[in-house]
């Protein structure tokens, strides 16, 4: 790969030219990395609902043409000036948030945010010069979440690239770069259930199932899965779910249903749907005195979280988290090591596989609610 360093690379990319239209496989140009940047060769993607959300841009600011994708794995092709923690040939995960290592957030043990590299879904250019690294016949193509992994090669800020053990299978650990850590970390790093605790997880998509997995490895005695699709319960059992509640099947608020099931409420609740009502229900279904609820998914704009102040005064705690409270460069390598040591199960998150040329099938599967994660193999 060193022969391409410093040169423009022509490669395939799945380009979103306009919202809700199928992606098209195009031959594009990818510029070399500038100061503080890294160019990755992407080998595997797994489709995340966030990609679909920004593809159909419901309630968002449209920015097209764009290369989506952010949950992926690959190999460093080249690095820009000043990059010292990575070198060509390193196996790595691109992360949609970053760790500059210098700001007050990065230096704090209490936060995994970053002042410089915090997620920005509206920005479609690189930070260093305000330009894109992608183009086709001279036309710029915008970046997405600073990652744009639906391209055989992509350029990222070096702080958004986590170096991992080359022994890790890249087709398995790609889910670590978003969905798995977001849900699993919300449970083990933020909710922190104790052995024999009861845990409720709202939403049984990939992030919610990762939260269930966190409860399972933490030793929870009961894991209650809450979802509007009853068909998800059987699959959720693989992730430790012991009971299932579909709010549509009850004539009372789901928080009341769960409180009655658990003698007053669960010890921990994790919300992974983005629904403001689910967020309120997750908080109100926790036990007074010690219950903790953690909000994971991003709600729609202009919604309000409404509950009675007494719910707090009775000893319940409400927390929010971003990417499971993992610092990308510092913490993600150890998550991969835990997988290699068989302390974590990742394989079961991948339920479908498609070649890159058929990437739109992955979108179709997600829109139909089939499976958990669809692996997209870049090399065919």
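Each Cβ is built from the backbone N, Cα and C atoms, and glycine gets one as well.
Any TrEMBL annotation is an automated prediction that lacks curation.
As given in TrEMBL:
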type: DOMAIN; residues: 35-164; note: domain 'Alcohol dehydrogenase-like N-terminal'
type: DOMAIN; residues: 206-337; note: domain 'Alcohol dehydrogenase-like C-terminal'
Could you please provide the mean pLDDT value for the domain 'Alcohol dehydrogenase-like N-terminal' (35-164)?
95
Counting by DSSP secondary structure, give me helix, strand and coil numbers for the domain 'Alcohol dehydrogenase-like C-terminal' (206-337).
60 helix, 22 strand, 50 coil
Please list the DSSP helix, strand and coil residue counts for the domain 'Alcohol dehydrogenase-like N-terminal' (35-164).
11 helix, 39 strand, 80 coil
